[in-house]
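Listed in Swiss-Prot:
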type	residues	note
BINDING	GLY9, PRO10, THR11, ALA12, VAL13, GLY14, LYS15, THR16	ATP binding site
BINDING	THR11, ALA12, VAL13, GLY14, LYS15, THR16	substrate binding site
REGION	34-37	region 'Interaction with substrate tRNA'
SITE	THR100	site 'Interaction with substrate tRNA'
SITE	ARG126	site 'Interaction with substrate tRNA'
Amino acid sequence: MAKVVAIVGPTAVGKTALSLRVAQKFGGEVISGDSMQVYRGLDIGTAKATTEERSLVPHHLIDVKDIHDRFSVADFKVAAEREIDQITDRGHLPLVVGGTGFYLQALVENLALGRDQFDQESAAIRDHWHQIATERGKQFVWEQLNERDPAAAAKIPVANLRRVIRALEVIEKTGALFSTQPQPPAKNDFLIIGLTTQRPVLYQRINQRVDQMVANGLLEEAKWLYDQGGENEQAGKGIGYRELFPHFAGTVSRQEALEKIKLDSRHYAKRQLTWFRNQMTVHWFDLVSQQNTTEEIEALINGWLKK
């Protein structure tokens with residue numbers, strides 16, 4: 001069982017800087033736990049580590065997919081576990097860094113995602129529930145799960161429609177509760193470090209980060225994605241891109257689109273924090289207002305590695 005450090009939290013709280021410091025101190029390699037950083041060409045809007053930063057420490061699961069490819073949580077789990085094994089074999093410490101909650105939960109808890117999810121019956125069930133979600137909303141679909149399997153619903157946020165539908169799919173296919181489905185034992189030993197800060201400070205930093213992304217060429221990057229048909233691809237669903245597509249289509253102004261990016265980013269950050277606090281065991285730190293806590297984090301990791 002490999003030891004793995006995960007660094008989680010919303011955007012603009014210092015995950016990249018901390019990951020570089022920890023990797024350099026403990027001989028680590030970074031695995032991106034972000035669902036959008038796999039796409040080549042989407043550098044600014046996904047806040048990838050820079051070329052210079054990646055030259056300091058090996059990074060994995062960045063720039064491995066074309067913008068027209070899909071990349072599911074099951075794909076991530078398989079790829080990340082492969083990287084963990086290879087990094088461990090090299091005698092290095094795997095560091096999973098990112099903010100895509102369910103991707104990290106699937107990896108940390110070794111969730112059984114099911115290899116049957118691509119058969120026709122499963123697809124039909126999912127299509128049915130997706131249609132209902134479109135017509136009646138995510139809350140209604142979650143309530144249907146709550147009626148059938150309250151224990152499962154208690155562990156799955158309303159916003160995680162894919163997971164809610166997956167639970168309903170398993171119930172309908174097997175006739176058994178999703179919450180009673182056997183889960184495989186943990187595959188690796190994770191220490192989860194969470195970064196956060198006071199909400200007004202976080203929101204200010206998010207707004208500043210969006211402004212910096214625009215200065216760095218976000219609109220040009222999003223326009224390239226739009227011209228490639230990215231509006232209809234998984235890659236085009238990311239915050240920072242989807243809000244700009246209506247601007248390129250001429251239906252909203254540039255300023256309106258940028259304000260929407262900031263709003264969506266703030267809302268997403270709030271959801272990320274809620275997810276990690278409700279779904280995972282995390283050691284929380286605020287490096288924005290208390291930078292000396294970096295030493296505390298290093299001491300925590302050092303002690304955990306010696307166990």
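Using the three backbone atoms N, Cα and C, a Cβ is placed for every residue, glycine included.
Taking the features listed in Swiss-Prot, we show where each one sits on the structure.
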| residue | record | Cβ neighbours (10 Å) |
| --- | --- | --- |
| GLY9 | ATP binding site | 26 |
| PRO10 | ATP binding site | 24 |
| THR11 | ATP binding site | 21 |
| ALA12 | ATP binding site | 23 |
| VAL13 | ATP binding site | 27 |
| GLY14 | ATP binding site | 19 |
| LYS15 | ATP binding site | 25 |
| THR16 | ATP binding site | 16 |
| THR100 | site 'Interaction with substrate tRNA' | 19 |
| ARG126 | site 'Interaction with substrate tRNA' | 16 |
Sort out the residues at least 6 away from either end of the region 'Interaction with substrate tRNA' (34-37), same chain, that have Cβ-Cβ distances under 8 Å to it, and list them. 45-46, 48, 61-63, 71, 76, 97-100, 103, 235, 238
Quick note, VAL13 (ATP binding site) and ARG126 (site 'Interaction with substrate tRNA'): C-alpha atoms separated, nearest Å, by 36
Starting from the ATP site formed by GLY9, PRO10, THR11, ALA12, VAL13, GLY14, LYS15, THR16, give every other residue of that chain whose CB sits within 8 Å of the mean position of their CB atoms, in sequence order. GLY99, LEU195
Reported mean pLDDT - the region 'Interaction with substrate tRNA' (34-37): 95
Taking Cα atoms as reference points, rank the binding-site residues GLY9, GLY14, LYS15 by distance from ARG126 (site 'Interaction with substrate tRNA') and give the first. GLY9
Three-class DSSP assignment, THR11 (ATP binding site), comes back as coil
Relative to the mean position of the Cβ atoms of THR11, ALA12, VAL13, GLY14, LYS15, THR16, the recorded substrate site, which additional same-chain residues have Cβ within 8 Å? GLY9, PRO10, ALA17, ALA47, LEU195
